[in-house]
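Feature list (source: TrEMBL):
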type	residues	note
TRANSMEM	7-28	transmembrane segment
TRANSMEM	40-62	transmembrane segment
TRANSMEM	74-99	transmembrane segment
TRANSMEM	105-125	transmembrane segment
TRANSMEM	137-157	transmembrane segment
TRANSMEM	163-183	transmembrane segment
TRANSMEM	203-221	transmembrane segment
TRANSMEM	241-263	transmembrane segment
TRANSMEM	284-306	transmembrane segment
TRANSMEM	318-343	transmembrane segment
TRANSMEM	350-368	transmembrane segment
TRANSMEM	374-395	transmembrane segment
Amino acid sequence: MSVIKNSLIFGVGDILSKSIPFLLLPYLTRKIGTEDYGELVYYQAFIALGLIFIGLSQAGAITRYAFRYGRKSLGVVVTSGHLLSFVLTFLIIIFSSLFTSNAEIIIYIVIISLTNELLAVQLALRQYEKKAKEYVIINITNGLLSALVTVLIFEFLSPSPEHRLISIIVANSIVVTASLLFYSNMNKVRYRITPARLKLGTCYVIGFGMPLILHQLSILGKGQLDRLVIYNLYSPKDLGIYAAAFQIATILNVFIAAANKALTPFYFERIKNKTINFNWTKKYSFYAMIFVPLPALVSLVIPDYIYTLFLGEGFVGVGYFVTSFLLGIAALIPYMIMVNFFFYHGKGGVISLTTGFSLLFYFIYIYIASKYSINYLPFGLLISNLMPVFILSFVGDRWVKYE
């Protein structure tokens, strides 16, 4: 299968699978309303947080290992990562059951974080092996099953944020189990698991993931901190409107993420073959900034009543936030071009320090902006996505100079 055809299938698969939550959005917002939707978004922020510490960027670790070292001992790395995630999940569940008053919600959140990471690993394996059709089937099946279970539970039991979480757990668990069994049978997985190998695999996962925690927290902060602020300073209703706008704006993010996921393996191959260097990366990162304002300009022609018609009568004022978010999301294009170059070269520490600095600046901005108006909060995303591009450009110039 050609590179272009493979990339197209991966990209289309990601777009189709991630369009399912968007298509489910009007059903959710009408069924549970603005306040409960805000509550659900609040829980989703903690799911993303749990994924950072339970997953330790395992999908990224496996992708990098496979491309640098091949299939040898890849199964050991996967198994070590899974065992580590299960142990961390178990410990969090025990702790929350003993010492927290809302243990049920925490358990839901932790299990979703775990199954999301297991699913991401299965997708990473298919991507490395260029099994585009399997990748697409897993992605779309998970999205459709999650939507189907949500509708069934809402209609036959009751619509609530908690029932939405249960639906995600059911769908993720079924798809992950089926994917694991299918992968093991089709690939005739056979490898010796010894304590020494498990130790090496675990050390690799931790060694890759730990330096990236700050980087992942930066991404989380840029995507979730404003929601936590709104939930505590304003109201769940305000958060519902704000988050619904972000969900609509993530249509652009779906395309960017799909393109990034589909092209990253080939980008890595070009870097490995030395057909792409840092000067190329820097030049095209800055060229990409030209396109950042375009999606927001297009959104200005959409009248606000279209959003209300789509989401329901309680979601007035969504249009302004959609336009604001599109600016920040579009800034991911130059960011992805730049940061993937550093990822390939194993510069996780540099990435973490850079994104950590931008996260600190983002925290300060959100703190100040929240004192004035909720309308200023979305612009923090734009600032925090562009700042690392300039910092990494500066760092890269000196790194290349002294290499």
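Positions of Cβ are set from backbone N, Cα and C atoms, glycine also.
Using a cut-off of 8 Å between Cβ atoms, the transmembrane segment (350-368) and the transmembrane segment (105-125) share fewer than three residue pairs, counting only pairs 6 or more apart in sequence. Pairs of Cβ atoms less than 8 Å apart link the transmembrane segment (74-99) most often to 105-125, out of 40-62, 105-125, 203-221, 241-263, 374-395.
Spatially, the transmembrane segment (105-125) is adjacent to the transmembrane segment (163-183); three or more Cβ-Cβ distances between them are under 8 Å for residues at least 6 apart in sequence. At the 8 Å Cβ threshold, with sequence separation of at least 6, the transmembrane segment (137-157) lacks contact with the transmembrane segment (40-62), having fewer than 3 such pairs. When Cβ-Cβ distances below 8 Å are used as the criterion, the transmembrane segment (241-263) is approached by residues 6-8, 10-15, 18-19, 21-22, 25, 29, 34, 37-38, 41, 127, 226-227, 230, 295, 307, 310-311, 314-322, 325-326, 329-330, 332-333, 336, 340, 374, 377-378 of the same chain, each at least six residues removed from its ends. Non-local neighbours of the transmembrane segment (7-28) in the same chain are 37, 40, 127, 132-133, 135-136, 139-140, 142-144, 146-147, 150-151, 164, 244, 247-248, 250-251, 254-255, 257-259, 261-263, 266, 310-312; each lies 6+ residues outside the stretch with a CB under 8 Å from one of its CB atoms. With a threshold of 8 Å between CB atoms, the same-chain residues lying at least 6 positions outside the transmembrane segment (40-62) that come near it are 28, 32, 74, 77-78, 81, 84-85, 88-89, 92, 105-106, 108-110, 112-114, 116-117, 120-121, 123-125, 128, 161, 164-165, 204-206, 208-210, 212-213, 216-217, 220, 223-224, 227-228, 231, 236, 239-240, 243, 343.
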